[in-house]
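Residues or ranges marked as domain 'Major facilitator superfamily (MFS) profile' in TrEMBL: 10-431. TrEMBL lists 9-32, 44-64, 76-93, 99-122, 134-157, 163-184, 272-301, 308-331, 337-364, 376-399, 405-427 with the feature transmembrane segment.
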Amino acid sequence: MKKKVSPTLIYFFGAFGGFMFGYDIGIINGALPGIKTTWQINPWLEGAITSGLFVGAMIGASLMASLADRFGRRKMIMWSAIVFAIGAIGSAISKSTSFLIGARIILGAAVGGASALVPMYMGEISPAETRGKISGLNQLMITVGMLIAYGVNYGFANAFEGWRWMLGGAMVPAIVLLFGTLVLPESPRFLARIGKKELALEVLQTLRSPEEAQIEYQEIINSKNTDSGSFKDLFGKTALPAVVAGCGLTLLQQIQGANTIFYYSSQILEKVFGSAIGGVISTVGIGVVFVLATVITLMIVDKFKRRSLFMSGSIGMGVCLLLVGLVYPSAQANHAWAMWTVFFFICLYVVFYAYSWAAVTWIVVGELFPSNVRGIATGIASTVNWFGNILVALFFPILLQTVGLSVIFFGFAAICVIGFLFAKYVLYETKGKSLEEIETYLYNRSIEKVS
């Protein structure tokens, strides 16, 4: 690194890929009603337009994360920004639903890539004692991106084919990230693994005090896994428990109800409040709650064990979903108390989700995996995450017509129980440990099982 760059600036742009992710989650919420007006689409096509992004994301997550083990984290984050801009332009100029689905698949490849690359990169450049706070910046960027998208939705809600401006606006964060990558250093752990040890130390000295940089550098150099791993290494005794834990976390993050709220909250709350504009405005309120809860999360995340946050989050989320399911029929009957009760418990659900499965999932995914398979494993965990996204996006509109919202929320509440049990019995604690200490723990546990 020829020029000293502020660590704050590095952390900001390192996490900015999350903004692209969040913007697209939020913008489709407001774009769908306009798309339905333009083309008169049915629920299956609505689900396909939403989930087209997730198909691309599954491909992009595994492909870009794997390539990051060969070409570096920074370079692949840069490519994700370029592909994102191309997908945004294609979405805005779409002349048919099939063209739009294709553009969203391209967009999805970039979003999926960023969803895998950013946690990996942030985990590798963050110090152990504040990794939760720094890695959690990714989640803060996601929530801010969602909130900005909700504001854009409101601004273009009544414009002719305003959905084109909504989707095309995604080009702005892509350009910001593209220029931001110019100041990012490469991950010191990647540099050490490809033999550029002096440059790895130089990056660490930019991000740490001289003493801390030397200590962490020695930990990296002495790590047991310094060579690149292959796909078959994922099934080794050291990596497999981490892969199971990581994939379980990312799947459960999606199927405990959160993205139903974030993708379809405008439609849900339109049914609650009886007007489209009421749905959009209340969705902005949910976005504000999500951002504020995430900011608070970054202040406390390194004070509590990761597993405790997951378990308490699942309990709170499950209770809120159960109560929303019970009260929703009264809200449909236009009882004012029920409308505001549903809105309150959805907001409270978002708070529980924000401090647990939203932020901490990606923090832990950035910590779990051995260095030699970190790119491949993070890509697979992110791919599983997007598979969960597809299930929610594709089937929610259909379930909404067939079984209704109350039954859907009851189902998500039951899955929250599974989330609690998974965090309690499958996940292992990573708080306060360096990436090399976590790797050593996995290695020693595999040796104990063999013995």
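Along the chain as shown, residues are numbered 1 onward.
Using N, Cα and C of the backbone, Cβ positions are placed for all residues, glycine too.
In this chain, the transmembrane segment (337-364) touches the transmembrane segment (308-331); three or more CB pairs sit within less than 8 A of each other, excluding pairs fewer than 6 residues apart.
With pairs at least 6 apart in sequence, the transmembrane segment (134-157) and the transmembrane segment (337-364) have 3 or more Cβ pairs within the 8 Å limit; the two touch.
Counted as Cβ pairs under 8 Å, contacts with the transmembrane segment (9-32) are highest for 99-122 among 44-64, 76-93, 99-122, 376-399.
In this chain, the transmembrane segment (99-122) touches the transmembrane segment (44-64); three or more CB pairs sit within less than 8 A of each other, excluding pairs fewer than 6 residues apart. Here the transmembrane segment (76-93) touches the transmembrane segment (163-184). Their Cβ atoms form 3 or more pairs under 8 Å, with each pair 6 or more residues apart. Scored by C-beta pairs under 8 angstroms, the transmembrane segment (99-122) has its highest count with 376-399, from the stretches 134-157, 163-184, 376-399, 405-427.
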